[in-house]
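K.L.:
For reference, the structure I am asking about is given below.
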Amino acid sequence: MKQTLAQATRLVRFNLLEYLRSGRIFFELVATVACYAALLRPTGTPMNAGYLFTVLGLFGPLMAMITTGFMIGLVDRPQGYIVLAHNVSRSAYLLGVFFTSITVATTMYGILSLLVAILNRAIDLDLIGWGLATLPLFLNMCLGAALVLLLSPLVVQTGWRLFILALVAVALSSNVIGGPIINQITAINPVLVDVLRAVQTILSSPLVPAMYGYHLSITRTFSNITAWSNLLAQCSLLLAFLGLAHYAFKRRDLIFSAS
C-alpha cells in the first residue's frame, strides 16, 4: 500500500507538469473567473453563505468531473505503456489520475473562494463555517471525479459504460417519468408502475449521500448525527467507486488510445 501511494504521488507530480505544459489548465482558470463574474461578483446586495454554497456546490463537482475528463484524455495515450513498464502498478496509475484531477479542481475551488473572500465576502460566514461547508462539497468533488474515472474508456469497455449510464438514467428518471407516461403504463399493467418505482428507488439510493451533502453545505447543520453519518456514507460511496474502477481497470486488456 505504501509503495502504491508513493508511486501515485510521483505520478501526480508528473501529471501536473504535463497538464500545465499542455495548457489545458487555462480552461479551468477561465471557467473559475467566469463563474465569479457571472454569479458571485458584487451587485450592491450583501451575499449570504447559503447562496455562496449553492453556487460552489455545483461549481466544485462539475469542475472535478470536467478536469477528470481532460486528465483521462491526457493519460490515455500510448506513452502510458512506458509509465506502466517502469514498475508502476495499475492501482498507482489510476490513483495518480484521480489525485491529479482532485488537486486541480480543489485549487480552482480555492481560487474562487479566495476571490469571494477578498472582493465579495458573505456576511454570515467565517473561516470555520467555510471549512465545515467545504467538507461535504469536497467529498462530492471526489465522487464526481471517481464516477467519471469509472466510466472512462480507460477503465471500462463501451458495453459496460452504456449499461452503467442506463442505470444512472433510470435512477434520475423519477422527475421525468410521470403524468401521461405513468398513466399509459398503468393502463397496460399497474404492477409495472410499482416495479418502476421500486427500481428507481433502489438505483437512486447511491445518489442520496451526494444530494444530502450538497444540502448540508448550504445549511451547515453539523449538530446532529445525521450530518456526520452522511459524510461517512459519502466516503463509503467514494471507496466503492474507486474500488470498482480499480477492479475493472486491473482485469481488462490495456489498450491506450492512438491519439
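Cβ coordinates come from backbone N, Cα and C, glycine included.
Feature table excerpt (TrEMBL):
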TRANSMEM  20-39  transmembrane segment
TRANSMEM  51-72  transmembrane segment
TRANSMEM  92-118  transmembrane segment
TRANSMEM  130-156  transmembrane segment
TRANSMEM  162-183  transmembrane segment
TRANSMEM  195-215  transmembrane segment
TRANSMEM  227-249  transmembrane segment
K.L.:
Is it true that the transmembrane segment (130-156) and the transmembrane segment (20-39) have 3 or more CB pairs under 8 Å, sequence gap of 6 or more?
P.N.:
no
K.L.:
Is the count of Cβ pairs under 8 Å between the transmembrane segment (227-249) and the transmembrane segment (92-118), pairs 6 or more apart in sequence, 3 or more?
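P.N.:
Result for the transmembrane segment (227-249) with the transmembrane segment (92-118) is yes.
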K.L.:
Taking residues 6+ outside the transmembrane segment (20-39), which of them lie with a CB under 8 Å of any CB in it?
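P.N.:
Apart from its flanks, the transmembrane segment (20-39) reaches 55, 59, 63, 66-67, 70, 74, 104-105, 108, 111-112, 115-116, 119.
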